[in-house]
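Student: One structure coming up, written as structure tokens, with questions to follow.
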Ligand code: CTP
């Protein structure tokens, strides 16, 4: 079988060096990668590096090998075009269809999925001109990855960093796996909660649970690869931030509720994959609770936490918002699932049977997705990503 053909566009930003690592990940995993840098990208990483790592000649302009019509052919033959880093200038050119070098020509002739990984200073990313260009590109079906937050060139920090090459690679893999299918969540905002809440007893102790966050992170990653703007409310997951996802870290159920309600205000869909503690300690000891010789420990009094899923289901922030819950059950899985779906008032409930092979922290999952419309979608034992894809299929169908 032919190797999938990937065009790696590199525009002129300091993060160009990270694209070398992305290139290696792509070639080592069996992709045929053609690197198309811009003239300014070569100020950061030279043509020899791109050529040696990709095994292909490298050109920035349309006047080399003219007999092969590279400005048309490279784009036409590609299975995926990924631009990393994409500068503000590159986004503007792509949004307006300019074609003054090989990369911009390639973007116009490509009919395959396009992934753009912007990297720039926060001010440039937040400028209305860039915002509008990004919105235009997303509307047309390009997957524009949200930049990461962190150290930028020089001493300043903020939003605008190129996500880690591994994360961009994962995104490329997912987009390629979907083939030429249009990103069906493009233009949508989805909110996913993940992980497990911790309810503090004192400065060093908490009541928690075993949720690893992996299912929620898989949901966030797959939604981003399908073009959605994703807000991931992450409760103590300790996993790397997925590329293209806005991560809001929280600790307790009360913080999770606040973050979910805020993000849900303009969301098309909310998926509550987090394991939320139903109860929290009634009091928080400001100092560490000490044991006292000869005395029994004080009992811990618990109070109810708000039921976030029931609340957002009852008070939809926008008409047509799709709300999805998760439930782990040990017995009478489907019957209990149906009852819970009605009680919570959500549109879909992913019911997991908790037991052997289906434990917290594993890479796999098996579930049935129950719909408020009476539908039942079984998802066989497999990677958490596969379950995530099924959830988004069902959500996308409901969003229309
Ligand atoms: N959930 C929530 N807020 C809570 C508890 C749970 O939003 N305080 C959400 C979870 O994110 C999950 C769903 O509700 O999507 C199912 O949670 P589960 O704990 O199974 O539901 P409970 O109502 O607590 O049912 P049970 O009696 O089985 O514990």
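Each residue's number is its place along the chain shown, starting with 1.
Every residue gets a Cβ built from N, Cα and C, even glycine.
So TrEMBL lists these for the protein:
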BINDING   278, 288, 306, 307, 308, 309, 326, 340, 344  CTP binding site
DOMAIN    5-173  domain 'Flavoprotein'
DOMAIN    185-396  domain 'DNA/pantothenate metabolism flavoprotein C-terminal'
REGION    1-189  region 'Phosphopantothenoylcysteine decarboxylase'
REGION    190-400  region 'Phosphopantothenate--cysteine ligase'
Student: On the 0 to 100 scale, where does the mean pLDDT of the region 'Phosphopantothenate--cysteine ligase' (190-400) fall?
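Tutor: Overall, the region 'Phosphopantothenate--cysteine ligase' (190-400) comes to a mean pLDDT of 93.
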Student: Across the listed CTP-binding residues, 278, 288, 306, 307, 308, 309, 326, 340, 344, what is the farthest Cα to Cα distance, given in whole Å?
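Tutor: Farthest Cα pair among residues binding CTP: 38 Å.
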Student: Using a 10 Å cut-off, grab the number of neighbouring Cβ atoms around the Cβ of residue 308 (CTP binding site), all chains included.
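Tutor: Its Cβ has 26 other Cβ atoms within 10 Å.
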